[in-house]
Amino acid sequence: MARNGPPGRGRSSLPFCLSRGVNCGQSRGMTQPDYQLEAALAAQGHIRIAGVDEVGRGPLAGPVVAAAVVLDPGAIPEGLNDSKKLTAARRERLYDILHANAQVSIAEASVEEIDALNILRASHLAMERAVAALNPAPDFLLIDGNLIPAGLSCPAEAVIKGDGRSVSIAAASIVAKTWRDRLMVDLAQQHPGYGWERNAGYPTKEHRSALQNLGVTPHHRRSFKTVHKILYQE
């Protein structure tokens, strides 16, 4: 299901990079994504270019989440980067700024879909849903990774390690991770003891120990080996 973003947690201001062909937020000695891929596509006549990324392939619990983001080339937030390289506080600030200054779509594939389809196909399904929910539709996609989901309706390019190369993909990675982290905090309140507010469902020692002691919840992925073994006492 495609969704709008969760309520913002206060407005924040970060500087904007207003030039198309530069490294937004580039600091000396640091490598950050830039607008070069998007600028090359714009030179070919593509107007609405969406970056697409997903988060949550590795966790034992919770959905996989994808985001699609169309940036305004005149208002690109400074500091966009691979979400894993940013602090949670920085991601939260950029999340709110992106919702205010870009077109953003978020979608999920559920635990049930992950178990029925496999995690790769479920990840692609979430991406397809996020893209389909963009209105107006994009005319080109930059997809993080080396595979292009089969169900997309417009041209796309797969970009390996794209969240470190393209600001549009970096923006999508920030949006997807922030949404999913918030979701796992909410689920942690419903199912205390697994540490989801800290580990986001990933197989940390704390999480695996809680699985042994507390058992499997409806939000655990039964097709994942660690969960399957505990569920069926293998």
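Cβ atoms here come from the backbone N, Cα and C positions, even for glycine.
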- Item | Recorded divalent metal cation site member, picked from Asp144, Asp181, Asp186, that accompanies Asp53, Glu54 in Swiss-Prot | Asp144
- Residues that sit under 8 angstroms from Glu54 (divalent metal cation binding site) by C-beta distance, when 6+ apart in the chain: Val64, Val65, Ala66, Ala67, Ser123, Ala126, Met127, Asp144, Ala176
- Task: Among the binding-site residues Asp53, Asp144, point out the residue whose Cβ has the most other Cβ atoms within 10 Å, with all shown protein chains included in the count.
- Result: Asp53
- Determine which residues of the same chain, besides Asp53, Glu54, Asp144, have their CB within 8 A of the center of the CB atoms at the recorded divalent metal cation site, and list them by sequence. Val52, Val55, Ala66, Ala67, Met127, Ile143, Gly145, Gly162, Asp163, Ile169, Ala172, Ser173, Ala176
